[in-house]
Every structure is written in structure tokens, then in C-alpha cells.
Amino acid sequence: MTCRNVVPFWINNTSGDAGLNLSDIFCFKDKREEWHHVLLSGFTFDLPWVFEAAPCLSSVQYTFVILSGQKNTGTHRLHNGVWTTVGAGSSFEPVLRQHLTTAKFAVVEPSLPFPFGTHHSKFAIGLNRFGVRVAIFTANYTKEDWYQKRQGIFVQDFPFDRRVKGEDRHRQRPNDFSLYLHTYLSGCGLGERTAAVPGLAFFSTNFLQNFDFRDAAVRLVGSFPGVWDATAPLSGLGRLASVLKDVDTTPAGRGASILSWQFSSHGKLPDPFLNEVVHTMGGGRCCLVNIVYPTETEVRRSAEGWAGGLSIPITMKNWSDYFNPRLYRWCCACCEKETSAKHCLPHIKSYALLSGDRSSLYWCLMTSANLSQAAWGMPVSGNRRKILSYELGVVYTANSAVSSPFTVTLSHPFAPPGGDNLHWTPFCGGSVGMALPYNVLHPVPYDTTALLAEGKAVPADTLDVPWVVDLPHRGLDSLGRTFSEVVGAYQGGSPGLTGKKRCRDS
């Protein structure tokens, strides 16, 4: 795919793909560009690998903060309203002491007030003398996520705000991007109560007010735990609705608009929740729904083989009949052939509204959030929603192109988004688009999709079965292993994450 007027969306670089990796996000070759403050947020971390993959992180000068979804990793803990140092109880502390020679560090496990909630958002913030970099992505901080699964990445740099000197600058109306990011960090626990905690003080201030976010290409959509008014524009579906009301969705082409959902996991999906998601994402209009989801054969013949399916932990108990007449393949039909090149399974989560003639997008959301009530909100009494987990994503529109991007690491600029194996996907108007890792406009339907949509019962063959992790899986995968061998190796404590941990990354 040739480079066009694209938005700041990249895929991860696997086997020479034209994408980014973790090293790119933090790399600099000019000492003047070294990082002063860095914050990493994620669900799971392999910290030794992080410092190996991104060695520039070892030279962070002042503050290094991790928001972690892993238990027993925090160096600081909130107890009776007071932040205290955990001391030797953090499993991350020895690694951080080994690799950080200058920076003060802190690890926080954001509060999870409800059972089954997770800290699932994945992003990074880095500041140096030239400005701030904000990166939001779908990958955990592990080698397998960055090099074996398909991920989505947003990165944009912002300069210091030099429009007005002195205090007058801070009286200007905050940009929505910076305002929401500040709100989100506060929701993760970084605020007034952590302002005096060593290692946390910098990111507990409103440091974002020092930067110029007027050219922000995207809108942020997050979730954080709590019980929210259904229309509150802060978290979950309420935040998404607030952002989408500003997107022009004037019908383009004939036919009903189409919603595309692509995810790697989901929870229990009652009909009222699904209807609310459709209503929110469709702007109140009647929409068709496409669900892009890998088949069993796509999993078996992927780069990871059966092991990749453990990161798509949908069980038969939670599988929804709503999906069956709406299923489309992750790959094209040629990927079903034994001779096809091995592909990466999706860990990216993306949702989009398409024109009725499938010619273009109105908007596209890349996010850490799967299709679940824990992420988007479950109804409770009084027209409110209860959200269990932390999530963060970005909404791209036709206004998301960046003509002359600013960079804080001029010595290591990013290659433009694109690649031979990506799909040019225009927004309405045609001049701006995204380089997506799957064909969202014209996905290949399962063989049974059309027949089931007509209400006909048909048997599914082995090439047409959606991946369900707890069903029997037969045959050798792309690496010559049976499913039982793969599960046994993971349960036996082989290198990497256990199957149980992967299944929690929902």
C-alpha cells in the first residue's frame, strides 16, 4: 500500500512489517532528546524484556511510573486514605533498581473497587526538553504481544505551549485531548493525594497544561471503574456517545450504515446491552452489524498456531447467538490454504461505522476495550451504568490526518503509516484514510453468514467454525503441535504467560 494522506495509526512491526515496535516509541539517537519523565500503563509486563527491547528507557532522568494491572507489583499502596511505600513487596522493584540509574520510580496498581475488574488500558507518556509524546496501543508489555500478535498503535508528539508566557497561558480553555487525559490519569489514582509521594509527584500534577494540544488528531475514549449516570460523558458508552455526537455521519451512499466490531474477547452479552452498543455507535440509527472474528482454521494456521487462540479466550458458555449470522473472517479466504503465509492473530480491538455502500468510514475506534459490560458499562438502578475496568482508546475521523507532524525525537523519526499487507480505508470524503490490518469495508463472510441471516440452519465445515477456546480442537497447528500439547506446555509453566493469565486479558 502506497503512502497517502493517512491518520497517525500504525500496526506493530512483525517479521519486517512496515510498523512500529516498542523500541521505536522510546528510541532517540541524540542525547539532548533523552527522556525526563516516562509513564507506562498496561495490564501485564515482562519488565526485563521491556528494558531489553527499549534500552533508551534505562536513561530516564527524573521520573519513571508504571500503572500496572498485575497483582503484587505496586511499590506504593493506598491504605486508609494515605499512600504508603510497600518496600520489598513489589515484584517489579528489583528490575527497576537494576535498570534505572537516575530516575525515581514508582509502581501503582490502580484501585479495582469491584470484583472481576482489571486495569486493562495500555499507553505510554514520555516527556523530554522538546515536548511530550503520547502513545496509546493495544499491546501488553510482552515480547509475544509486540512480535506475534496484530496490534494497533497511535502516537503523536506535542510541543510546549509557548503562545502566552506566564500564568495567562494556564487560564486558556483546555483542549479536550489534554483535559480528558488529565481526567483519566486522575481516575487511575494520580492526583492530589499522590502529589507528595516520591516518584509519583510529577504525574500527579496537571503537567499537561504546559503543552500545546491544539493539533491533537484524535479524541480519547476511556473507561474507569465506578457507577456513572448513563449520559455522563466521562466513561464507557457515555464517553463514546459524547465524542461521536461531534462526528458528521450524514448518510453517504445507499443502504443502512454498517457497524463493524472486531475484538479478541467478550463477556456475557445480554440483548439490552448489545442494543445499547448499537444505538450508541450508530448514533441512534438502525445499523447492520458485521463481526470480524477469526475462524478455528485461522487460529491453527497462524504464526503462533494453537497458542494464539489462548489469547482469544471466548468460551462456549459466553458465545452469543447474536454473532452467528454476522460473522466475517479476520483474514482473506486465501489464508485458509495450507501454502499461505502465516498471519498474526488479532489482539487489536477496533470498532467502526461504515457507509451503507461500503465505500468509506465515518469513524474508527481503536481501543483496549473488548465487547463487554465490564469495559463499557452494565445497567444498574436509576439509569446508571457500572463499569468494572480501566480502558483507553482513540477515535479517528476524516479530521485526523496530520500534515506536518511535530516530533520530540528528530534523531529517530517514525516511518509513515502504511505497508504492503495493509488495507487503505478512506473516510467519507476520500482524501484521508487509515492503513488497517484487515479489510473492514469488504470483509469475507463466513460461508454460513448469509444463510443464517436468512434464518436457514446449515452445518458448518471445519473451515467455517468461529474460534471458541474450550471446544475440542483437532489437528496439528502451523508449528506442528496439537492443541493438547500447547495447553499442557502453558499449564506446565513454560516461558511466557500462562494460559490462565492470557485469558484474563479480556
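Heads up, the Cβ atoms here are built off N, Cα and C, so glycines get one too.
Straight from TrEMBL, the features:
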{"type": "ACT_SITE", "residues": "H120", "note": "active site, nucleophile"}
{"type": "BINDING", "residues": "K122, K349", "note": "substrate binding site"}
{"type": "ACT_SITE", "residues": "H347", "note": "active site, proton donor/acceptor"}
{"type": "SITE", "residues": "S372", "note": "site 'Interaction with DNA'"}
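Structure coloured by features recorded in TrEMBL.
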residue : record                             : DSSP class
H120    : active site, nucleophile           : coil
H347    : active site, proton donor/acceptor : coil
S372    : site 'Interaction with DNA'        : coil
Number of other Cβ atoms within 10 Å of the Cβ of H120 (active site, nucleophile) across all protein chains: 28
Residue among recorded positions K122, H347 with least C-beta crowding, 10 angstrom cut-off: H347
Cβ atoms near K349 (substrate binding site) (within 10 Å, other residues, all chains): 23
Alpha-carbon spacing, S372 (site 'Interaction with DNA') to K349 (substrate binding site), which is rounded to whole Å: 12
K349 (substrate binding site) and H120 (active site, nucleophile), distance between Cα atoms, whole Å: 12
Whole-number Å value for how far the residue listed as 'active site, proton donor/acceptor' lies from K122 (substrate binding site) (Cα to Cα): 12
CB contacts for S372 (site 'Interaction with DNA') [other CB atoms within 10 A, all chains]: 23
